[in-house]
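Trainee: My structure is below; once you've seen it, I'll send some questions.
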Amino acid sequence: MPGPGRHYRGNRKAANPSAASLSTVARESALALPDDSPVLAIFKDIALKLTARQDRHERLVKLSRDITIESKRIIFVLHSAMTKEANAKVLADANDRIQKLLNGPIKSIGIELEYSPAYLHLRAVTSGFQEFVEARTMFSIMATGQIITFPEVQKELEFVVTENDEQRKVVTMITDNDYMLGLADLTGELMRKAINSVSTGESEDCIQACQVVRDLYTGYLGITNNRHLLRKLTTTRTNVNKVEMAVYALRVRGSGPGLMAAGNPPAPDIDAPAGLSDDEGYY
Amino acid sequence: MCTNHVINSIFTEFQRNLDQEQDNREAIRNICKDISQVLREVTTILQVIHYNEDGIGPACVKARDLFEKAQEGYARLKEAVPDHEYFKYQEHWRSITQRYCFLIALTIWLETGILATHDTVAQILGISAVEKRCGFHLDIEDYLSGLLQLCSELARLAVNSVTRADYEKPTQISKFVMELNAGFRLLNLKNDHLRKRFDVLKYDVKKIEEVVYDLSIRGLLAAPDAAV
């Protein structure tokens with residue numbers, strides 16, 4: 001290497017005259033580029049591909065956000081069921097909204113990724129899917145008492161698209177990882193549900209929900225070497241503790257509004273759903 | 001208890017998939033080890049270009065042979081990666097593939113002085129250049145990353161060719177890299193690894209320009225029209 005310009009920054013001022021000539025050299029070679037050079041043509045083509053990829057990613061992020069927001073609202077609606085009678089109406093409403101979600105943004109994701117590798121854009125859509133799984137499993141557990149399994153969820157994500165009189169099948173791919181992470185979040189919702197049901201006097205619901213949370217926690221304990229799940233495990237553990245404390249209080253102090261809230265001031269009946277925000281840790 | 005049964009099956013199923021994934025990764029890792037072995041050989045062989053002009057031709061021939069060997073490895077990799085999951089496992093072969101792109105582009109440049117296209121590189125590796133919903137291919141970002149490595153190597157070559165009194169090569173390199181530089185400027189790069197790698201390019205360009213500049217002020221360049 002020749003001397004001048006070796007320490008780029010330090011010598012910039014001092015080497016000014018030579019820098020001028022240097023840039024002349026640079027400019028000359030830049031100007032020598034023909035407009036129709038094959039290399040530039042190649043890069044123009046690549047630029048199109050990269051931009052298409054980025055745009056697709058952005059669109060997916062948007063869709064994913066839509067799914068997240070709507071799923072959170074569905075969960076909120078599911079929490080609003082206070083009595084057995086209100087339950088049916090709430091479930092119908094939630095079901096409607098889930099169907100709309102499926103045929104709206106979730107289907108759009110499937111169409112968006114129809115010809116592209118899904119794993120490339122996994123990060124764009126994962127949060128939306130997790131939230132959706134949370135809402136969907138919560139709905140299933142309230143409607144049927146069972147948690148909908150991964151293959152069943154995946155099956156709901158198959159759509160038939162009609163275009164130019166031709167029908168074709170479009171599948172929105174969701175990973176089992178997303179499903180499991182959504183299920184981990186479900187424990188938080190069930191915990192809230194259980195505690196709410198204490199305050200509305202449905203002690204049976206509370207004990208059931210408690211058992212489901214326990215079962216899920218047991219399952220997560222058995223999963224090895226998955227770092228995403230490990231991170232959620234602590235939250236799940238907290239949820240188990242909270243729900244078990246609630247059931248304990250129920251047993252020891254007898255069921256009744258306000259009684260379970262160990263350290264809290266006696267709460268009126270209806271404080272539960274209205275006071276709860278999106279915040280998972282609310283107790 | 002019936003929920004329990006469903007939950008149980010959910011978790012056993014998931015654990016089974018996890019184990020399957022582990023097995024896949026293990027198999028992929030082993031293949032990548034073989035591929036990178038060949039990669040090291042090619043890298044070593046092509047180092048000759050920095051100190052022995054006459055060695056360049058034979059080195060390219062040898063490199064070409066080894067690329068065929070790499071092709072076998074990639075064929076095995078193609079088998080081992082589940083159809084839809086190229087990008088799930090990509091990290092395993094990503095840097096290896098980038099390096100291959102670099103070495104292939106370098107070989108082709110040494111042979112012909114032109115830029116190896118995405119298609120050509122993919123063809124030499126025996127894989128597809130087209131990104132589809134499923135299947136193995138050469139990711140465009142890996143290809144670009146390889147080209148950026150090529151620029152760094154050529155910057156070094158420009159210096160070393162002057163050392164062995166080859167005053168034409170730097171001009172040729174300068175023209176080539178300037179063209180690539182102009183090309184990369186057309187790309188709308190996100191703030192990712194490719195972008196970081198691209199930021200190095202300007203130093204390579206600068207290094208080459210300095211060599212050409214030194215040659216020009218010492219009158220060591222060939223007549224201007226011959227240099228073009």
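Note that Cβ sites are derived from N, Cα and C of the backbone, with glycine treated the same way.
Checked TrEMBL, it gives:
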| type | residues | note |
| --- | --- | --- |
| COMPBIAS | A:1-12 | compositional bias 'Basic residues' |
| REGION | A:1-20 | region 'Disordered' |
| BINDING | A:Glu134, A:Glu189 | Mg(2+) binding site |
| REGION | A:260-283 | region 'Disordered' |
Trainee: Tell me the Cβ contacts of A:Glu134 (Mg(2+) binding site) under 8 Å, same chain only and six or more apart in sequence, or just say none.
Mentor: A:Ser71, A:Ile75, A:Gly182, A:Leu183, A:Asp185, A:Leu186, A:Glu189
Trainee: In terms of DSSP three-state secondary structure, what is the assignment for A:Glu134 (Mg(2+) binding site)?
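Mentor: Note: A:Glu134 (Mg(2+) binding site) is helical by DSSP.
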Trainee: Would you count the other C-beta atoms found within 10 angstroms of the C-beta of A:Glu189 (Mg(2+) binding site) for me?
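Mentor: Result for A:Glu189 (Mg(2+) binding site): 22 neighbouring Cβ atoms inside 10 Å.
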